[in-house]
Amino acid sequence: DDDHSDDEPRESESSKPCCSSCCTRSRPPQCQCTDVRLNSCHSACKSCMCTFSDPGMCSCLDVTDFCYKPCKSSGDDDZZ
């Protein structure tokens, strides 16, 4: 009975939704991830925009009311 594995293909670590650079300037929060990734956005991004360079520099244009956890491994959280 692992019905949860049918919907989602196994994701690689790099495609999991995460955001190291997230900005919010309002209340309620409007957060937008400003991370730049090569050739694609994270798996939960609905609106992804990439440059036409090779490799493409892609950023997610979604505006949410939360930020994903940082992409870096935990332990680097103290640095601002």
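Note: Cβ is positioned from N, Cα and C throughout, glycine not excepted.
Swiss-Prot lists 1-10 with the feature compositional bias 'Acidic residues'.
Per Swiss-Prot, the feature region 'Disordered' maps to 1-29.
Remote same-chain partners of the compositional bias 'Low complexity' (15-29), defined as residues 6 or more beyond its termini with a Cβ less than 8 Å from a stretch Cβ, comprise 35, 40, 42-45, 65-72. Positions annotated as compositional bias 'Low complexity' by Swiss-Prot: 15-29.
Taking the Cβ of CYS18 (disulfide bond) as centre and 10 Å as the limit, one finds 19 other Cβ atoms among all the protein chains shown. The disulfide bond annotation in Swiss-Prot covers CYS18-CYS71 (among others).
Residue density at CYS19 (disulfide bond): 21 other Cβ atoms are found within 10 A of its Cβ, drawing on all protein chains shown. If you look up Swiss-Prot, you'll see CYS19-CYS33 (among others) marked as disulfide bond, on the strength of similarity to another entry.
For CYS22 (disulfide bond), the count of additional Cβ atoms within 10 Å of its Cβ stands at 18 [all protein chains shown]. Swiss-Prot lists CYS22-CYS67 (among others) with the feature disulfide bond.
DSSP assigns CYS23 (disulfide bond) to a strand segment in the three-state reduction. Take the CB of CYS23 (disulfide bond) and look out to 10 A: across all protein chains shown you find 12 other CB atoms. Taken from Swiss-Prot, the feature disulfide bond applies to CYS23-CYS31 (among others).
Under the heading disulfide bond, Swiss-Prot lists CYS41-CYS48 (among others), citing similarity to another entry as support. Of all Cβ atoms in the shown protein chains, 22 besides its own fall within 10 Å of the Cβ of CYS41 (disulfide bond).
Swiss-Prot lists CYS45-CYS60 (among others) with the feature disulfide bond. In the three-state DSSP classification, CYS45 (disulfide bond) falls within coil. Same-chain residues at least 6 positions away in sequence with a Cβ under 8 Å from that of CYS45 (disulfide bond) are, in sequence order, PRO17, CYS33, CYS60, ASP62.
The disulfide bond annotation in Swiss-Prot covers CYS50-CYS58 (among others). Less than 8 angstroms from the CB of CYS50 (disulfide bond) sit ASN39, SER40, CYS41, GLY56, MET57, CYS58, SER59, each of them six or more residues away in the same chain.
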Checklist entry - Roughly how many angstrom lie between the C-alpha atoms of CYS22 (disulfide bond) and CYS31 (disulfide bond)? => result 6
Checklist outcome for this item: Near CYS18 (disulfide bond) (Cα-Cα within 10 Å), the disulfide-bonded residues in question, chosen from CYS31, CYS48, CYS67, are CYS67
Next on the checklist: Between the Cα atoms of CYS23 (disulfide bond) and CYS71 (disulfide bond), what distance do you get, rounded to the nearest Å?
Outcome noted: 15
Checklist outcome for this item: For CYS71 (disulfide bond), the close disulfide-bonded residues (Cα within 10 Å) drawn from CYS19, CYS31, CYS48 turn out to be CYS19
Item to check | Candidate with the highest Cβ count within 10 Å, taken from the disulfide-bonded residues CYS58, CYS60, CYS71 | outcome: CYS60
